[in-house]
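As given in TrEMBL:
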type   : residues  : note
DOMAIN : B:28-73   : domain 'DNA/pantothenate metabolism flavoprotein C-terminal'
DOMAIN : B:156-250 : domain 'DNA/pantothenate metabolism flavoprotein C-terminal'
2 protein chains.
Amino acid sequence: MTESVTCEYFLKNNHSLKKFIDDNKGEKFVLVTSGGTRVPIEKNTVRFIDNFSTGKRGSSSAEYFLQNDYFVIFFYRDTSLKPFDRSIEKMFDHLKVNNDNMLAFDGIDKTKQQKFLNILSLKNKYKKNLFLISFTELFEYYEALKVILSILRPLKKDVIIYLAAAVSDFYIDEKHMADHKIQSRNGEILLKLTPFKKGDIIELLCGSKENFLVTFKLETDEELLYSKSKKSFEYYNHQVVIGNILSRRSKEVILYTPKEKGELSETIINLSKEETEKNVDIEEKIVKYLCEIHNKYRC
Amino acid sequence: MTESVTCEYFLKNNHSLKKFIDDNKGEKFVLVTSGGTRVPIEKNTVRFIDNFSTGKRGSSSAEYFLQNDYFVIFFYRDTSLKPFDRSIEKMFDHLKVNNDNMLAFDGIDKTKQQKFLNILSLKNKYKKNLFLISFTELFEYYEALKVILSILRPLKKDVIIYLAAAVSDFYIDEKHMADHKIQSRNGEILLKLTPFKKGDIIELLCGSKENFLVTFKLETDEELLYSKSKKSFEYYNHQVVIGNILSRRSKEVILYTPKEKGELSETIINLSKEETEKNVDIEEKIVKYLCEIHNKYRC
C-alpha cells in the first residue's frame, strides 16, 4: 500500500516519511505539491476562498516522475486529484458485479477496458514508491511544507522540489474574521485580504539551496509572466520556473532557466496537434525535460 | 447508463430531462440539489469563494430516495460527491489486475469486498432511475434551477424539491471584479460581497406551490436556527425545513414543520450510539421520515 497521512497527523509524527527516505537511500526523490490551499473566511468555517486548481498538473506530473524512476512525496490538497486515480475514476461507471459475484466491465469495448487495466497496473507497480500527505488550509500547508523540506534537505542534489500547488497569496487575518457564519441580512460585506508575507516563503525555500528547485507562475495577463518569473529568480535559488497562461496551460508552458546578467532563457514546451488529438499529457513532456536537466545537475 | 449532463448543456437542451419524466409517468420524483456553489473573484477566474460542502448530505440522500422508489434528479456541484461513488471511491486502492488480465481485489477481506460489491450492485440497479445535472457557479445554479423547477412543476404533489445544496448568499458584483488575477504586490485588498437578492429566490420557489418543498438551514450559532427557519416559512410555501448545526450535522438534525400561529413543530432526528458505531447514515433516517410525510401529503 501507498503510505498516506494527513497534514495534522504528519505534523505530530513524521517518522514514516523519514523511513520512506531511509529505505530508499541512493535513489532520486521528488516532492510534488499539488492542488489549491483553502483560506477560511469565518473561524467556524463555512466559507473559504479557494483556487480553481483540480490538481491535474501535480497528479499527472507525479505519475511521470514515478515512471522516470523517482520516489515521489506527493503533498496534495485533500479534495484534489491523486496520481493515477484521475484516469480510473470513470471506471466506476463501467463496472458491474457478474453472476459469479465478481467484478466485471460493462458496456465498454476491450480497448477501453485494457486502458483502465493498464493504469491500474501502473498504480500498483509504483505504490511503494509514492508517499501521500494531504493538506487543506494555507497555514497547514506552510507548517507541513517547512517540515517536509527540512527532512528532504540532506538529500541535496538528489531531490527535486516541484512546487505545483496553487498556493494562496492572501489570507484573512484572524482579527478581521467573523466568529460565526457571516449573515447576509446585514447587506454588503467587505472582506479584507492580507497578502501572505513573501519573506516567510523566501526564508523557507532558501534553506534548501542544494535541492533542485522548480516553481510555477500562473497568470492570466501574459505581459506579467516574464517579469514575475524573473523576480522569482531574484528571491530564491532556483533551477526552473514554469510559466503558465491560464487559458492554455494544458497545451503550452514556458520553462525559464537562468541565462546571464539576471536574464532568463525560455524553453517552450507544447503539444503538437497530433499529440493533442492523442490526449498526450503535457506533464509527460515537462517531466521528461526536467529529468534531463536534473540528471546533469546531479553530476 | 445514468443520464448525465452539465448545466451548460442542459440550458441549451433540456429534452432529455423531459423524456426522463415522461418515461416514468405516475412515479414519485425528487429533485436533490447538492454541493456548494462557486462565486468567482476575478473575471478570468483563478480564485473564488466556496463553501465547505462535500455533497455528502445530498449524495447519500439521493441513494436513499432511490431505495425508497423515487426517481431522482440529482443537481450537483461538479466536484462534489455523486450517489454511490462516495462509498466505492476507496475501492481503487484495493484493486489489482490478476494473471488472467482481470480485475481482482487485493489486500482486503471477504466482508469488505462484499460491501464494495453490494454498493456497486445498488449503483447499477438504480442507474436508470437517476438523472445527473452538474453545476459550478452560483448564477449557473440559479439559471438551471429555474428551468428544472419549471419542468417539475406539473408533477404537482408527486415531486419533492429537496434543496440540500449549500448555495452562496453572496456574490461579487461584476463591477467590483478584477479582470485578471489579483496581484498581491499591491498590499491589502478589499473584496465587496453583495448579498444575493432574496426576492429572486422567493419568486423562483413560490411558483412551485404544489410541489413538496424541503429546504435546509445551516448555522454555527444555535440561537439563530429556530428564528431563521421560521423566516423561511414566511417566505416560501414550505413543507419542511431541515435545521443543521455545523458541528453536529452528521449526527443530528431538526425537522421543522408548520404548527399554528406561525410557530413550528420540531422533530429531532439523531443517531443513537449504536447507530453511530455501525456507521448508519443520518440521511437514511431523514429520507425515511420525509417519505412518510410526503406519502400523506400526496393523498
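Residue numbers in this text run from 1 along the chain shown.
Each Cβ is built from the backbone N, Cα and C atoms, and glycine gets one as well.
Caution: TrEMBL annotation is automatic and unverified by curators.
Across the domain 'DNA/pantothenate metabolism flavoprotein C-terminal' (B:156-250), DSSP classifies residues as 31 helix, 30 strand, 34 coil. Residue counts of the domain 'DNA/pantothenate metabolism flavoprotein C-terminal' (B:28-73) by helix, strand and coil are 12 helix, 21 strand, 13 coil (DSSP-based). Note on the domain 'DNA/pantothenate metabolism flavoprotein C-terminal' (B:156-250): its mean pLDDT in the predicted model is 84.
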